[in-house]
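Summarising the annotation, Swiss-Prot assigns active site, nucleophile to Cys81 and lists sequence analysis as the type of evidence. As annotated by Swiss-Prot, active site applies to His176, Glu178, with the evidence given as sequence analysis. Feature annotation from Swiss-Prot assigns ATP binding site to Ser230, Gly231, Gly232, Val233, Asp234, Ser235, Ser236. According to Swiss-Prot, the domain 'Glutamine amidotransferase type-1' annotation covers 4-202. Here Swiss-Prot flags 203-395 as domain 'GMPS ATP-PPase'.
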Amino acid sequence: MHDKILILDFGSQVTQLIARRVREAHVYCEIHPNDVSDDFVREFAPKAVILSGSHASTYEDHQLRAPQAVWDLGVPVLGICYGMQTMAVQLGGKVEWSDHREFGYAEMRAHGHTRLLDGIEDFKTDEGHGMLKVWMSHGDKVAELPPGFALMASTPSCPIAGMADEARGYYAVQFHPEVTHTLKGRQIIERFVLQIAGAKPDWIMKNHIEEAVAKIREQVGDEEVILGLSGGVDSSVAAALIHRAIGDQLTCVFVDHGLLRLNEGKMVLDMFEGRLHAKVVHVDASEQFLGHLAGVTDPEAKRKIIGREFVEVFQAEAQKLSKAKWLAQGTIYPDVVESGGTKTKKATTIKSHHNVGGLPETLGLKLLEPLRDLFKDEVRELGVALGLPPEMVYRHPFPGPGLGVRILGEVKREFADLLRRADAIFIEELRNTTATAHDAAAGLCGEADVGKSWYDLTSQAFAVFLPVKSVGVMGDGRTYDYVTSLRAVQTTDFMTAHWAHLPYALLGRASNRIINEVRGINRVVYDISGKPPATIEWE
């Protein structure tokens with residue numbers, strides 16, 4: 001059994017980041033609502049508990065409290081932001097509204113030599129005080145320490161920015177160590193779970209394969225499983241893992257809706273039929289999808305049509321596999337958390353994969369979700385450990401509706417063919433161009449990024465087809481052809497994103513190649529919009 005950290009969620013938008021930081025320390029953790037029962041907390045048997053932040057106020061909402069069992073277990077507890085405030089209130093301290101609210105960067109001084117912060121600092125003051133650059137987001141503040149607690153940190157606007165009762169292993173910080181803006185945040189969380197809680201760092205994907213395979217075999221027995229294979233990371237890793245466990249009991253259904261990337265179908269079939277020797281049913285439904293999309297320009301309408309048609313095609317194929325008793329999905333942990341499907345009595349809604357909707361109920365199948373405890377980065381690690389090629393596992397995200405939402409307006413086969421080729425050229429240039437010392441000196445990347453490909457230095461990159469024509473000149477003749485926009489962003493969470501400052505030479509090569517190699521496009525532009533105000537995808 002793995003040591004476990006229990007994260008109680010009070011409604012913060014960044015609670016998942018806490019879990020990711022704990023998992024990065026190779027310690028297993030789960031997120032659950034703050035109002036779980038005392039029995040649940042005891043049965044979970046955590047090695048430590050972390051209390052998340054919240055948008056709420058501790059003295060206005062008296063319902064948002066940690067279960068009493070948290071304080072009765074005798075295990076270390078870390079409170080973050082609101083978690084610090086509810087710890088203070090529940091253990092006899094005082095919280096009040098602050099006249100000087102803090103939102104953004106702050107420089108915080110550590111006091112005393114507590115185990116949590118000792119030796120962790122970003123710089124020293126002239127007086128020799130250790131300082132940390134942290135990210136604050138709070139209106140309330142702890143005004144009076146609970147009995148047994150000592151001051152651990154402060155800022156000019158927040159005299160009690162950290163507190164600790166080291167005898168009981170209780171620590172609390174007003175800042176957010178889980179966000180990347182707090183430079184030493186990962187180190188702080190790692191110290192809490194490894195040194196203070198003493199959790200074993202044995203949550204490693206290579207080792208997880210054996211556990212997952214055993215669990216799948218126990219669940220499925222000798223029954224058959226079907227899985228909708230999209231070519232995306234989640235479904236591909238799920239397919240590889242299930243095939244490792246049950247072999248020919250798995251049948252993958254790969255639906256080509258005519259809106260895939262260049263050679264994507266061949267890559268998927270070569271991998272799963274050729275290398276893994278899995279059973280794959282390949283359905284070319286491009287005529288059906290494109291026919292229903294004819295004349296449709298509204299983005300949401302296009303998404304609904306593509307989703308509906310996928311369900312129809314998949315259902316028809318699934319009904320041919322009469323022996324199948326299970327439907328496998330590539331559901332991952334963020335899907336479960338966001339849908340309220342964590343493992344408590346509140347788990348009433350399990351989010352279905354965007355491609356299969358309510359198919360488990362329609363087909364009378366049981367649901368198999370072997371990745372539901374994993375974050376995306378863990379899924380990628382697992383894929384590599386299973387032998388999937390890195391170029392498949394570390395591909396940029398691709399929307400479920402495919403090129404259907406990267407072709408503005410009406411979707412036509414002609415437009416999809418043009419976009420496929422333009423997109424492939426852009427991605428090829430990103431993969432083949434590495435960051436240089438000159439790029440780093442120009443501020444386009446960090447010094448540590450020199451030598452990495454620009455594909456790896458961007459979080460998502462693609463081409464967009466614009467259904468407008470512009471005048472151009474090629475050779476001695478006038479052209480009147482379509483426009484494509486290139487889009488590349490950098491982000492840590494996809495909730496916000498910066499446009500990628502790519503080298504001009506790279507953009508120039510991509511533009512020249514697209515215009516010369518893709519007949520029908522004569523103008524290329526680069527999208528320099530951030531998120532917000534723009535979204536990453538155009539539709």
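Think of each number as a place in line: the chain as shown, counted from 1.
Cβ coordinates come from backbone N, Cα and C, glycine included.
Val233 (ATP binding site) has a Cβ environment of 24 other Cβ atoms inside 10 Å. Ranked by CA distance from Glu178 (active site), the recorded positions Cys81, Gly231, Asp234, Ser235 have Cys81 at the top as the closest. Counting only the Cα atoms, the space from Ser235 (ATP binding site) to His176 (active site) is about 33 angstrom. Considering only the recorded positions Cys81, Ser230, Gly231, Val233, Asp234, Ser236, the residues lying within 10 A of His176 (active site) on a C-alpha to C-alpha basis are Cys81. The Cβ of Asp234 has fewer other Cβ atoms within 10 Å than any other of the recorded positions Glu178, Asp234. The two recorded residues, Val233 (ATP binding site) and Cys81 (active site, nucleophile), show a Cα separation of 34 Å. Counting only the Cα atoms, the space from Ser230 (ATP binding site) to the residue listed as 'active site, nucleophile' is about 40 angstrom. Ranking the binding-site residues Gly231, Gly232, Asp234, Ser236 by the distance of their Cα atoms from the Cα of Cys81 (active site, nucleophile) places Asp234 first. In the structure shown, across all protein chains, Ser230 is the one of the binding-site residues Ser230, Gly232 with the greatest number of other Cβ atoms within 10 Å. Less than 8 angstroms from the CB of Ser236 (ATP binding site) sit Leu229, Ser230, Val268, Met271, Phe272, Gly330, Gly383, Leu388, Met392, Val393, each of them six or more residues away in the same chain. Shown in sequence order, Leu229, Val237, Ala238, Gly330 are the same-chain residues outside Ser230, Gly231, Gly232, Val233, Asp234, Ser235, Ser236 whose Cβ sits within 8 Å of the Cβ centre of the ATP site.
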